[in-house]
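> Have a look at this one before I ask anything.
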Amino acid sequence: MSRASLDKDPHEVAAMFDGVSAGYDRANSVMTFGFDRRWRTTTSRVLDARRGERVLDLAAGTGVSTAEYARNGAWCLAADFSLGMLRSGKHRRVPMVAADALHLPFADESFDAATITFGIRNFVDTKAALEEIARVVKPGGRLVICEVSTPTFPPIRFLYRRFILWIMTLLGRFASSNPEAYTYLAESMLAWHDQRSLAQIIANAGWTKVEWLNLTFGVVAIHRAQKPTRRPDHHP
Ligand SMILES: C[S@@+](CC[C@H](N)C(=O)[O-])C[C@H]1O[C@@H](n2cnc3c(N)ncnc32)[C@H](O)[C@@H]1O
């Protein structure tokens, strides 16, 4: 896989995650100085998944996010199209399924909520995926997305961009057999939408009540939205 040819081709993205799956959880913690755990804990609070609910954790990777979101007793399903990532998380006691975000193998309105943590920026078509997710979530159901974003304070934004390139190059060179994968990850982080434009894409995909919460100066943002409830039948 060459970096230049990756360009979010789904097969190459899946193959790239297969390639980094063995060390993914550890690399993620090293790269974020352990902040990833805090970001998932906050996402879990925003998601507020309860016992009796069915929650889809899309782009779940090794299931590290799914295990966190299932803590309060909700039934959380880890879905991902990288078999390598799912396999690396098989020690986690969460149900797992191989699935592509753009063609979900679920019936309409089968989940109370859907969530994506550090996955959406890899989707080849963000809006189409958000429409597909809306199909499988019940009316009134929730969407919660945790993703890297744009620091709001310019000096932090400047330092953050430098840091991303530096740490990813370092990780790629010394901790991975696949340095191009880390270059792709860094570039995908820097090229991703800021808070407001992601909110707009979510709204354009048919979700309502879109809002976001900045974490760690906006390095990460959590977006939340709701699927519109069905209008009562109109009788003239
Ligand atoms: C950075 S990992 C995130 C894992 C986990 N959610 C976490 O909190 O760390 C991103 C995951 O998105 C998955 N992914 C990317 N595009 C996808 C798609 N179209 N459908 C399903 N999974 C996808 C990748 O296979 C990878 O496992």
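Backbone N, Cα and C atoms are what each Cβ position is placed from, and that goes for glycine too.
Owing to the predicted nature of the structure, the values given are computational and were not obtained by experimental measurement.
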> Starting from the S-adenosyl-L-methionine binding annotation in TrEMBL that includes Asp80, Asp100, Ala101, which of Thr43, Thr62 is the extra site residue?
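My reading of TrEMBL gives Thr62 as the candidate in that site.
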> Three-state secondary structure of Ala101 (S-adenosyl-L-methionine binding site) from DSSP?
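In the DSSP reduction, Ala101 (S-adenosyl-L-methionine binding site) maps to coil.
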> For the S-adenosyl-L-methionine site made of Thr62, Asp80, Asp100, Ala101, how many Å separate the two farthest Cα atoms?
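Comparing all Cα pairs, the maximum is 16 Å.
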> Sequence gap of 6 or more, Cβ distance under 8 Å: name the residues on the same chain that satisfy this around Asp80 (S-adenosyl-L-methionine binding site), in order along the sequence.
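Set apart from Asp80 (S-adenosyl-L-methionine binding site) by at least 6 residues yet with Cβ under 8 Å, we have Phe17, Leu58, Ala59, Ala60, Gly61, Leu86, Met96, Ala98, Ala99, Gly119.
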> Please list, in sequence order, the residues in the chain of Asp100 (S-adenosyl-L-methionine binding site) that are at least six apart in sequence and whose C-beta is under 8 Å away from its C-beta.
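Sequence-distant Cβ neighbours: Pro10, Phe81.
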